[in-house]
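Engineer: Pasting a structure below so you can have a look.
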Amino acid sequence: MAKWIVGSAWPYVNTVPHLGNLIGSVLSADVFARFLRLMGEDVVFVSGSDEHGTPIEVEARKRGVEPKELTDKVHEYVKKLFEKYLISFDNYTRTHNPVHMEFVRETFMKIYENGYIFTQEMVMPYCPKDKMFLPDRFTVGTCPYCGAPDARGDQCERCGKLLDPPDLVNPRCAFCGSRPVWRKTLHWFFDLPKAAEGLVEWLERSELPNNVKKFTLNWVKEGLTPRSVTRDNKWGIPAPFPGAEGKTIYVWFEAVLGYLSAVKELDVKNGTNLFEEFWKDINSRPVYFIGKDNIPFHSIILPALLKATGEEYPLPYNISATEYLMYEGQKFSKRRRVGVWIDEALEVVPNPDYWRFALIRMRPEERDTNFTWREFYRIVNSELNDDIGNFAHRVLTFVERRFGGSVRGRVDEEVKKSIAELHEKYVKAMYKVKLKEASGLVLEMARLGNKYLNEKEPWRLLKEGKEEEARDVMYTCLFILREVALHLAPFAPSAAEELWKMIGEPGSVHERGKLLTSGSEPAGEVKEPKPLFQKLPKDFLERVDELLEEARRKVEKLRPI
């Protein structure tokens with residue numbers, strides 16, 4: 001059986017993640033990891049706070065605190081939020097930890113010793129007023145490719161191009177706005193063209209998603225160039241190269257190594273051997289969940305880094321790169337107060353299952369999608385409550401009232417066949433990371449149940465004295481509910497577990513390999529039935545702006561950033 005390494009892009013802790021960040025990486029990765037466990041697969045699911053680099057220094061300077069003081073608070077705040085969203089990490093760590101820092105330094109020394117690192121003198125912007133070099137986001141200016149006026153010195157947000165500060169037109173200091181002067185400084189470069197030899201051929205024949213292939217191949221066609229891996233800033237991992245005192249490793253290059261160091265950290269904590277078992281097995285299957293702007297770092301740069309170490313690390317098995325989630329037709333913007341952040345969301349609607357399921361239903365898998373409160377309301381009230389919750393409540397209360405909470409019978413063969421077909425489609429979609437499609441198949445199961453119940457009319461059968469037929473109908477409905485609980489588990493884990501217990505099934509719905517029991521006979525018991533979901537109030541859409549403002553006022557007092 002293959003070993004799966006599920007990696008969610010590491011949230012950068014200069015802010016709290018918004019809904020687009022949540023669905024683009026962390027939540028999608030969690031749904032996939034939960035599915036794999038249910039299929040009995042060997043899985044390790046990791047991520048962590050990305051906390052080094054210039055954006056953190058910029059924010060810390062604004063607040064008059066040390067970078068670590070800032071990231072300590074934000075890391076804990078975000079980690080607790082992910083727990084509230086029921087994210088099932090095996091390890092959610094951070095880049096400023098000894099295991100990661102040591103692993104990064106050791107890895108770059110291997111790359112250096114293998115001849116993939118060279119030095120080159122650069123002319124870099126220097127702020128005479130602040131008396132410092134201006135790497136990455138310490139410099140802002142106009143993008144030379146798309147003309148965006150506020151492009152950062154590491155990447156343009158508008159067009160996604162990777163940049164260096166000298167590329168910017170009309171550069172200025174991010175702190176004081178002064179025009180910089182240019183000074184020479186020595187830096188260490190990763191020979192990306194040399195290290196990436198053979199990776200393009202691998203990419204072309206791989207089964208990576210088309211959007212990943214297309215984005216990467218277009219990026220490669222424009223020409224791979226050596227990339228500077230050191231920076232003239234203090235907050236980061238000290239560069240290990242001889243003569244590189246005072247330099248740090250560029251945050252993008254060290255953060256992607258976190259997928260490896262997070263597994264190594266698990267071994268340090270637990271005395272296990274997971275790093276050898278997962279990362280030293282060439283047949284392991286790393287699957288990365290990222291936003292589309294992070295594609296090159298996962299499709300070319302990370303594989304090139306790992307290849308340059310001389311170790312036989314597995315190449316990406318899949319890169320699930322989502323498009324953008326918009327908010328009511330606009331891009332998320334903290335500055336313009338456009339969007340919903342994940343702490344605000346739970347204040348407006350506290351049930352994490354609602355957010356998990358709704359965001360998966362809106363997941364931007366092939367194109368940008370639009371989060372609207374109207375669509376959220378429809379998904380919660382129509383899909384979760386009417387399709388799933390109403391079917392569950394009808395079945396459970398009927399069995400309790402008319403059969404004393406226990407029923408045995410025969411499962412309808414046509415229903416069995418239909419469920420088996422839906423299960424097969426579901427498994428296929430999930431392995432291909434078509435999470436939105438798979439969530440729709442869960443709804444199809446529930447709708448099948450509602451249709452079957454309405455057509456068979458067990459209440460009529462009982463009136464006509466056909467008790468055995470009525471028992472068969474309700475036993476079949478419990479069979480469908482068991483399937484709904486199993487297949488709902490990755491998306492709405494709390495509701496699935498509650499349903500599992502109400503239909504009297506033993507153990508937990510989240511036990512490893514549980515999905516392999518699809519098609520099994522139900523327990524035929526009903527225990528303490530109650531509504532699985534609660535509908536959002538009828539005036540929710542009228543009041544949501546007011547509710548959101550209340551939520552913002554509340555979380556702004558609690559946020560560390």
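Just so you know, glycine gets a Cβ as well, placed from its N, Cα and C.
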Engineer: Of the ranges 11-21, 209-219, 396-406, which one does Swiss-Prot flag as motif ''HIGH' region'?
Structural biologist: 11-21
Engineer: Restricting to the chain of C159 (Zn(2+) binding site) and a gap of 6 or more, list residues whose Cβ falls under 8 Å of its Cβ, or answer none.
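Structural biologist: Once residues fewer than 6 apart are set aside, C159 (Zn(2+) binding site) is near C143, Y145, C146, A148.
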Engineer: Since the record lists C143, C146, C156 as binding-site residues, which of them has the fewest other Cβ atoms within 10 Å of its Cβ?
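Structural biologist: So among C143, C146, C156, the binding-site residues given, the one with the fewest Cβ atoms within 10 Å is C146.
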Engineer: How far is it from K334 (ATP binding site) to C156 (Zn(2+) binding site), counting Cα to Cα, in Å?
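Structural biologist: Given the Cα positions, K334 (ATP binding site) is 17 Å from C156 (Zn(2+) binding site).
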Engineer: Which residues, in sequence order, are found in the same chain with Cβ within 8 Å of the centroid defined by the Cβ atoms of C143, C146, C156, C159 at the Zn(2+) site, excluding those residues themselves?
Structural biologist: P144, Y145, G147, A148, A151, E157, R158, G160, K161
